[in-house]
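As structure tokens, the structure follows; a few thoughts come after it.
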Amino acid sequence: MSAELASRGRKVYFVGLNEYPFLPLVAGLLRTYAEQDERIAAAYDFQEPVFLVAPVQEMADGIVEPDVLALSCYVWNFRRQMKVAKLVKERYPNVLVVAGGPHVPDRPGNFFEKHPYVDVLAHGEGEVAFRELLATRLSDHPDYTAVPGVSVRRGTEAVVGPKAKRLPRLIDTPSPYLLGVMDGAVATCRERGLRFYALWETNRGCPYSCSFCDWGSATMSTLRKFEDERLQDEIEWFARHDVEDLFICDANFGIMPRDLEIAHALAEARGELGAPRQVRVNFAKNSNDRVFDISKTWHDADLLMGTTLSMQSTDMDVLEAIDRKNIGLDNYRKLQQRYAAENIHTYTELILGLPMETARSFRDGIGSLLEAGNHEDLRVYELGILPNAPLNTPEKIEQYGLRTVPKRMYVERPGTPDDEAETFEMVMETNAMPRDAWVESFSFIQAVQFLHNGCYTRYLSIFLRQEHGIGYTRFYEGLQDYFTGRPDTVLGALYLRMRSLYHDYIDMPALPLANLVASQPDMAADLAPYGRRRGWTIDNWGWLRIATDFDRFHTELREYLATLGLDPAGDARLEDVLRFQQDVMLRPDYSPELGKSAEYAHDWPGYFAGGLLRPRRVRVAYGDQSFGANGRYRPVPGDLKAFTMAAIGTSYPVSRMGHFCHRFESAEVTSLAEPVVSEQW
């Protein structure tokens with residue numbers, strides 16, 4: 001089958017928008033499955049998918065004489081796509097508008113009353129329903145209500161069709177990659193100089209039923225897999241088409257025994273043909289030996305962007321409320337140690353605002369994860385209410401006191417109408433976490449991200465925990481309390497600005513979810529020397545603000561230690577670790593050619609790698625040549641933009657792997673007999 005097919009009359013358009021360039025896999029899957037029907041292949045002319053965001057009117061104008069308009073709807077594209085459908089329907093009233101995807105409600109309710117330009121909703125898996133819709137449309141008097149898995153508009157009411165049909169346990173659908181259907185999208189991205197992700201499925205389904213997520217309910221839980229031969233051929237396609245970035249869309253990669261074989265095949269393609277260069281994946285929720293082996297395989301092949309050790313919350317009452325089972329903190333600690341022994345980067349994702357979560361349990365959870373050894377990457381997201389999530393019922397919302405705000409997703413272009421601005425219902429208050437507690441909790445974790453994950457206080461806090469018994473929660477709560485009362489300090493100004501911003505964030509729905517920093521002129525001005533981005537995050541801003549006032553920050557940090565009963569002037573070890581903590585940070589003047597060294601009274605790299613703390617005069621020499629996942633970013637002395645890429649990487653995809661500070665594995669530690677001094681090469 002060729003992607004360049006002769007015109008056959010009935011035009012089919014797909015729209016599936018994303019702020020980031022993801023290849024339109026859904027459109028390809030729907031098309032190739034439908035075209036197995038010879039009648040459909042003969043009657044319809046499938047157009048190139050609309051997947052790159054443009055002004056709504058421009059996208060609508062590009063849809064010319066459509067017979068069918070298919071929309072793949074997610075929370076990040078729903079409003080714009082509805083507006084495209086409305087404009088197209090006004091111009092071409094006979095077009096059949098079909099909306100599918102996770103944002104289409106399982107229970108139509110008043111959907112068609114709100115969106116009368118949509119004709120059909122496709123629920124769940126779309127291939128079978130879409131093919132039957134196209135086949136039905138070819139009849140003289142099409143009756144779409146007979147198609148399984150759809151709801152059909154009749155006036156403003158919904159007529160629900162028969163139960164949906166699903167693909168078999170061994171999915172044998174044609175591959176849009178192998179049939180050339182994706183070639184046009186790849187060419188478009190490359191012509192525009194866009195870094196894109198190739199989306200890829202190896203299996204479908206999720207056996208879990210977390211109440212905040214719609215994945216398990218949407219896929220009806222049963223795991224089904226694509227054919228082995230097809231997957232191997234697609235891996236070769238990715239490699240031969242020099243696809244740099246691959247996103248595996250499975251809900252739980254590593255849950256199936258063959259997933260390790262797939263991982264080896266990708267690593268072999270990377271080694272033999274040079275691509276893919278980077279793999280993003282949703283790892284299996286309950287991490288196991290297979291996930292470790294996959295991570296090790298990709299780490300060794302320089303493919304891995306990090307391994308998820310899932311949590312969402314550490315509180316048992318919260319986990320019960322969201323129907324979630326975790327791996328347990330003891331097992332989590334063992335996994336952290338296992339991955340750390342192989343220098344494999346891990347990260348843990350938490351959700352703020354879950355049912356039953358209090359400010360105390362949230363902060364204690366952060367502390368317990370740091371105690372368990374996750375010092376590099378804690379990620380926290382606000383709880384959003386998805387249309388088809390089990391949590392999204394009137395009973396659950398009332399039970400837990402979930403109060404939401406319809407947040408804008410992005411900083412929209414000037415003049416963007418409200419009906420084109422994407423929104424997401426975000427939980428900003430619950431019975432267990434009032435608004436002020438939500439604000440303070442979010443400020444707390446953001447500071448932990450740029451101070452601890454970002455390395456400014458990581459080694460100091462580990463030292464204080466191990467040698468002085470000062471727990472991580474106490475240390476970071478103390479920081480917040482002390483500096484919030486001192487607005488004239490670097491951290492004090494950051495804490496108070498975050499508090500003010502998050503109160504505004506709740507009160508002002510137009511303040512965006514994804515581009516919050518870019519919406520604030522003062523924050524954008526702070527970051528201007530480091531480059532222009534729409535995707536700056538709060539922890540990016542905090543980290544770079546400290547980089548700007550680096551020496552002042554360290555002076556003020558010493559003042560805070562006095563509140564803990566600590567005096568560096570009278571504690572040689574504390575003074576030594578403070579110097580090490582300052583020296584280990586990546587700075588704008590660092591030269592890969594010259595390197596950097598300093599001398600200490602203790603072997604701090606050895607200590608923080610798990611050794612004993614003994615007096616030992618050492619020289620620590622760093623020779624890092626590049627930073628970030630896969631070593632993509634090389635710093636240039638005095639070049640703030642190059643420094644920023646090396647220090648924090650890109651805003652998307654997010655990865656804290658190999659950023660912020662010098663790495664022990666690149667350091668040379670030499671024993672000395674001479675007096676201890678510091679120097680820079």
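Glycine too: its Cβ is placed from the backbone N, Cα and C atoms.
Predicted, not measured: the structure shown is a model, and the values here were computed from it.
Together with F212, Q312, E349, the 5'-deoxyadenosine site in Swiss-Prot holds one more listed residue from G180, G274, G384, which is G384. Going through H103, H264, H299, H345 against Swiss-Prot, the one listed in the cob(II)alamin site together with N18, S72, Y74, V75, G126, E127, D214, C249 turns out to be H103. The shortest Cα-Cα distance between G384 (5'-deoxyadenosine binding site) and any of the binding-site residues C210, C213, C249 is the one to C213. Of Y74, H103, C249, E349, all annotated as binding-site residues, the residue with the shortest Cα distance to C210 ([4Fe-4S] cluster binding site) is E349. In the three-state DSSP assignment, the secondary structure recorded for C249 (cob(II)alamin binding site) is strand.
Neighbour density around each Cβ, counted as other Cβ atoms within 10 Å, peaks among the binding-site residues E127, E349 at E127. All protein chains included, C213 ([4Fe-4S] cluster binding site) registers 21 other Cβ atoms within 10 Å of its own Cβ. Non-local contacts of C249 (cob(II)alamin binding site) by the CB criterion (under 8 A, 6+ apart in sequence, same chain) comprise L25, L199, W200, E201, N282.
Here the Cα atom of E127 (cob(II)alamin binding site) is found 32 Å from that of Q312 (5'-deoxyadenosine binding site).
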